Amino acid sequence: MSKNSDQHVPDSVLDENNDEIKWEVKPDSMLIQKLEDDVGNDSSATTQGPMIKLMVSYLHGPTRHEVHVPAQSTFGDIKNALAQKTGLDPKDQRLMFRGKEKEDEEHLHMAGVKDRSKILLLEETASKVRKLEEMRKSDQIAKASEAVADVRAEVDKISERVAALEVAVDGGTKVEEKEFLVSIELLMKQLLKLDSIEAEGEAKLQRKAEVRRVQNFVEKLDNLKARNSNPYSNSSNSVSVTTKL
């Protein structure tokens, strides 16, 4: 082939089947066929045809979604687009067109889907069951947290008794033993309440923390009772220490 720069080289020609063959000139002036991968920078949207608008609605319910996809997309592509709009995972979606469920790999144009076609969306039964279970657990956690909060409020009141007894013992005042026993009994009742609470997740952690808190108060009362019973106490006065519950 001549290397004359003035020679005109056609961009493409037709072969015997009237298919277009594209050519390119290499730096050494050799004329070779241009491979398909080298042709331009065609976008995936172009290779998949023009954009079409689809109306997707739930089989049961008024909610509708407008989806824009290339004409030669698959039903799996629609599921991916719907996942962004609905939050429903593609594997939990079922798509129906003309009364038949469609597979993910099936192309829209092959199924007869055109611009403004209507498609039905169904949610997998397993997904519905999973959501109901999540709602049940969430409700259970909320109720458990509320129950733990009620116990915490009661323990807060008892803690005032414990603090008053501690001040008295530290001050050398003799306290009647029943004051310690009553406070311990009140705390043990709260432990029983905590033990009866069925908790999961965050509520379980809250319950565990409150159990430990109550146990710490019981240990403190035991120590105060032992110190109060010390025969070497500086005071022989016996008093009753109470707080409002």
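Just so you know, glycine gets a Cβ as well, placed from its N, Cα and C.
Annotated features, as they stand in TrEMBL:
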- 141-168: coiled coil (COILED)
- 228-245: compositional bias 'Low complexity' (COMPBIAS)
- 52-122: domain 'Ubiquitin-like' (DOMAIN)
- 147-225: domain 'BAG' (DOMAIN)
- 1-20: region 'Disordered' (REGION)
- 225-245: region 'Disordered' (REGION)
>> Averaging the per-residue pLDDT over the coiled coil (141-168), what integer do you get?
In response: 94
> What is the three-state DSSP composition of the domain 'BAG' (147-225), stated as helix, strand and coil residue counts?
Replying inline: 68 helix, 2 strand, 9 coil
> For the domain 'Ubiquitin-like' (52-122), what are the DSSP-based totals of helix, strand and coil residues?
Replying inline: 19 helix, 28 strand, 24 coil
